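Remarks on the structure that follows.
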Amino acid sequence: FKVTLDTPDGKKSFECPGDSYILDKAEEEGLELPYSCRAGSCSSCAGKVLTGSIDQSDQAFLDDDQGGDGYCLTCVTYPTSDVTIKTHCESEL
């Protein structure tokens, strides 16, 4: 799937298979994104899905309202379609 990250430095796109976490693939592509636990139990890597769909069933931090509003934790989020995610969203939670 094509993943586009809307970062403070501009938009960056890369291919990410449906079985790879978006944060891991972004790092392989040389992108520096915020993270801390890498286990879906904090909010350092939070992003917001602008278009497309994801699977973040491995996360345990965001509540249903935050997930329903489109927020995700990029360290435990898989793409399930082409997706655009705004990064650096921890302060919005």
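Heads up, the Cβ atoms here are built off N, Cα and C, so glycines get one too.
Annotated features in Swiss-Prot:
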DOMAIN    1-91  domain '2Fe-2S ferredoxin-type'
BINDING   CYS37, CYS42, CYS45, CYS75  [2Fe-2S] cluster binding site
Non-site residues, in chain order, whose CB comes within 8 A of the mean position of the CB atoms of CYS37, CYS42, CYS45, CYS75 at [2Fe-2S] cluster: LEU23, TYR35, SER36, ARG38, ALA39, GLY40, SER41, SER43, SER44, PHE61, LEU73, VAL76
Secondary structure content, the domain '2Fe-2S ferredoxin-type' (1-91) (per DSSP, counts of residues): 17 helix, 29 strand, 45 coil
